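First comes the structure, then the notes that go with it.
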Amino acid sequence: MKQTVWHHLKLCPQGDPQHTLADAAIAVENGTIVWLGAACALPVEYAAWPREDLHGAWVTPGLVDCHTHLVYGGQRADEFAQRLAGVSYEEIARQGGGIVSTVRATRAADEASLLRQSAARLEPLLAEGVTTVEIKSGYGLDLASERKMLRVARQLGERYPVTVYTTFLGAHALPPEFTGRADAYIDEVCNTMLPALADEGLVDAVDVFCERIGFSLEQSERVFKAAERYQLPVKMHAEQLSNGGGTALAARHHALSADHLEFLDEAGVAAMKEAGTVAVLLPGAYYFIRETQLPPLELLRRYQVPIAISTDSNPGTSPATSLLLMMNMATTLFRMTVPEVLQGVTSHAARALGKADRHGSLEAGRAADFAVWSVDSLAELAYWIGRPLCARVVRAGETVYTRRELSQGLR
């Protein structure tokens, strides 16, 4: 039985910097928080437990990256150069590039290679305090390759000190062998791929890319109904490039989240509020493909829709492996506040996964997953660009990462 009192710390238990404790303590037994609060109120039964002094550092819940595509083969730097030369993302996709080029690389890679490549993308997130991550499939687009991706995602969760939730995104793009036969491909997704992968326990949720270069409302709804037959929650890539009404459809199916949302209108926002659907904003993609249409932040605020922030880490539109950078981008590009972005990577991000009862906040009875920060103010998490701020990551009560400090000595 391992018992520890973490003390001499400043605590932000709910991911809200407006509600903090200046001198706090956390009592952890066998990886679970049994008590937390003001250090002066530490119950006598924990007073003799071994102590871990955090020297006045800030502690937040472990961060949650709730929308990623970390598992894939290759990279798309050449397409990045094309876009710099003036070719649009949609034009590249129609030429057989974009998602489909990553499909080719992912299909060609074996499981061991995919694991190595994906681990290199996961590790920087862990070093920034991320203890929970969602990973989507969607670069296989056939049963064997989608299975391979989801198996690798599960292995990442087994090999690294991070909780991984998997999302089946078979309806991400039309594979080359189904050119001109989108409905037939959706048949394959709904009747072959999803049943097999769900039966194998590889799927925690189901996503669909509902867009003019993706799948229609009718096709998206077929995927949702198939997911519901397996009692799997749904989510949607929606309103990124146009207002197609996907968010309203997602809300009708009580989606956990609708993601991107640059072209979301008020009717869609109202539908999200009614359904309890979280808005996941992805500033990395907005920045990387040079979008100019901002997501409707004021409408989301007015309707009190929870807003999460994520990396959208992927090879084509957001090759990002820094959730802290996304916090900065959300403040500078989307005009979000520091409390909004911190909740966006903790409590609201956990809610976007349907896991707010397990992650995104610190309270008695939950796993002791938290990040320790070398900052004077929590605003620094969104302020600094490229500076390593996470001093320690604790998962289930155990230190799983400690930043090595460079020598400060003069020569």
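Positions of Cβ are set from backbone N, Cα and C atoms, glycine also.
The N-formimidoyl-L-glutamate site recorded in Swiss-Prot includes Asn314, Gly316, and the single candidate from Tyr46, Tyr139 that the record places there is Tyr139. In Swiss-Prot, the 4-imidazolone-5-propanoate site is described by Tyr139, His172, Gln240, Thr317, and among Arg76, Arg366, Arg387 the residue recorded at this site is Arg76.
Among His7, His237, the residue that Swiss-Prot places alongside His67, His69, Asp312 at the Fe(3+) binding site is His237. Around Thr317 (4-imidazolone-5-propanoate binding site), taking its Cβ as the centre, 25 other Cβ atoms fall within 10 Å, counting all chains. His237 (Fe(3+) binding site) falls within a strand when secondary structure is assigned with DSSP. Over all protein chains present, the Cβ of Gly316 (N-formimidoyl-L-glutamate binding site) has 24 other Cβ atoms lying within 10 Å.
In this structure, the CA atom of His237 (Fe(3+) binding site) is 9 Å away from the CA atom of His172 (4-imidazolone-5-propanoate binding site). Cβ packing within 10 Å was compared across the binding-site residues Gln240, Asn314, and the lowest neighbour count falls to Asn314. Within 8 Å of the Cβ centroid of the N-formimidoyl-L-glutamate site, not counting the listed residues Tyr139, Asn314, Gly316, the chain contributes His69, Tyr72, Arg76, Ile99, Thr102, Gly138, Pro315, Thr317.
Taken over all pairs of the listed 4-imidazolone-5-propanoate-binding residues (Arg76, Tyr139, His172, Gln240, Thr317), the Cα spread reaches a maximum of 20 Å, rounded to the nearest whole number.
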